[in-house]
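As recorded in TrEMBL, the features of this protein are as follows:
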| type | residues | note |
| --- | --- | --- |
| SIGNAL | 1-26 | signal peptide |
| TRANSMEM | 229-252 | transmembrane segment |
| TRANSMEM | 294-322 | transmembrane segment |
| TRANSMEM | 328-352 | transmembrane segment |
| TRANSMEM | 364-389 | transmembrane segment |
| TRANSMEM | 395-417 | transmembrane segment |
| TRANSMEM | 455-474 | transmembrane segment |
| TRANSMEM | 486-507 | transmembrane segment |
| TRANSMEM | 519-542 | transmembrane segment |
| TRANSMEM | 557-584 | transmembrane segment |
Amino acid sequence: MERRTVVPALATVSLLLCFGIIGVVADASNHRYKPEETVPLYANKVGPFHNPSETYRYFDLPFCSPAPVKDKLEALGEVLNGDRLVDAPYKLDFRVDYDSKSACKKQLTKEEVAKFRSAVEKDYYFQMYFDDLPIWGFIGKVEKEGKSDPSEYKYFLYRHILFEVLHNNDRVIEINVHTDVNSMVDITEDKDIEVDFMYSVKWKETETPFEKRMEKYSQSSSLPHHLEIHWFSIINSCVTVLLLTGFLATILMRVLKNDFVKYAHDEETGDDQEETGWKYVHGDVFRFPKNKSFLAACLGSGTQLFALTTFVFILALVGVFYPYNRGALFTALVVIYALTSGIAGFVATSFYCQLEGTNWVRNLLLTGFLFCGPLFLTFSFLNTVAIAYTATAALPFGTIVVIFLIWALVTSPLLVLGGIAGKNSKAEFQAPCRTTKYPREIPQLPWYRGAIPQMAMAGFLPFSAIYIELYYIFASVWGHRIYTIYSILFVVFIILLIVTAFITVAMTYFQLAAEDHDWWWRAFLCGGSTGLFIYAYCFYYYHARSDMSGFMQTSFFFGYMACICYGFFLMLGTIGFRASLLFVRHIYRSIKCE
């Protein structure tokens, strides 16, 4: 009784600890302003427009900076997102208009001019937050008209920013930023110049309510032509599911029905003819697989990632991840992953013990490091790259300590408690057929029945069901598009699970019909092979659909996408294996096996 009460109690304390220390979301500003009250404006970061991961602190470029520069206290998710907010050099007072007000005059040295020119050449943009509303702008432009030789290009720095703010009574509703193309500084040559950075502010009244001020940022993803493509994606996926389901219903069920009739007839007539097909391997089909500890760890980690994805979808569908809720997704991923580690421990250890495993402690350690290990190694390398580039993607030491404490104080204890609960559950495997003492020899099979060809066939159909939607997800994660239609994404995710389960069951049946009883790992690999297709799509997206370049951006893209695709491999492999296990149990329970 004590153990049963300790587990939920510790989970509750852990939940309060995580949510209390780091928060789940960065709440939007709900402040009401008085006339002439200063509205907070924070400068966030700058970076090449086509390299979303390569961002730097705003004052890494020699802009006018207040003395001293004050950093804004940020939540964990904001830091993970690469946000580094500081006080901006512009002062915006509520409902106070300014016309060409000077922020500061600065004498730029040759080195600083060269730095600005390099940034303009790389198409740098800046990002700021005004009352928690994001704003962007480019820092300059390159004049290429009529010039074929890059050495003849002219580089200009914008020195005048125009702020247009909409308000509804005492609340800020919307802000738009423009750069004055008539007020530029020529920075083509390396020479000392004086720049007068200026800004103008224009306040306007609007009737848009405060509750709808974020809708502006989600309109781009819900435009009619975008919705048509999204719905086309869903229709395409549904047709795929229907065709696959129909194929399985007409072919598999008919074949299985004939098998059942044949086997029942053989038993009634007492024929001594040799068994063929999947019944022939009934004495080996439930023989425990090799590396069962590793398989159990994969199933535990895959189940945890499935639970993580489900909880994230629930938060998305209830509106937590509204556009530019800074760091909310990263915070949710860290917190939910920590709190669901008990699921991984329970599933892995329980299944391992069902397979008559004895060293459950080693199995639990393997489960804990199966996903976190590669993720930690990838993060260590990429964080080192970010430090070398002095980019905002480099996590501060304090943030790394917080993540380590979450892992040590929440993730690991819940993993151990889940493992202990799984060990004490004493569930039995309960195979419907008795396993023979010695395994039958697997016949020689053609090359296309090997593991790799089967994985290729099994992964292609689920990937084709999500292919269209995948572009929009990539454009949101690795670009500047906004993705807000989570309901459509959830439907596509359900379709992905259904197609993965059905195609894995079909592959398992064909394998057993060929008298190959070594199906355990094959089912997991065929289910997870969609993750490999998604990673292959990464190469296509990088070279054909994006303009990303540079070592840092390339390493971040392929490094973190490798971790994401590995997570998909574990999750979908678990779905495929569980579906195949249910299918195999069902068909062998339906016949008499002596």
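Placed from the backbone N, Cα and C atoms, the Cβ positions cover glycine too.
Where the annotation comes from TrEMBL, it is an automatic prediction and has not been curated.
Just so it is clear, the model here is predicted, and its values are computed rather than measured.
Counting same-chain residues at least six beyond the ends of the transmembrane segment (455-474), those with a Cβ under 8 angstroms from any Cβ of the stretch are 221, 226, 229-230, 232-233, 236-237, 240-241, 244, 481, 483, 488-489, 492, 495-496, 499-500, 503-504, 507, 525-527, 529-534, 537, 541, 545-546, 572, 576. The transmembrane segment (364-389) and the transmembrane segment (519-542) are not in contact, since fewer than 3 Cβ pairs between them lie under 8 Å (pairs 6 or more apart in sequence). Counting Cβ pairs under 8 Å to the transmembrane segment (519-542), the top-ranked stretch among 229-252, 294-322, 395-417, 486-507 is 486-507. The transmembrane segment (229-252) and the transmembrane segment (486-507) are in contact, since at least 3 Cβ pairs between them lie under 8 Å (pairs 6 or more apart in sequence).
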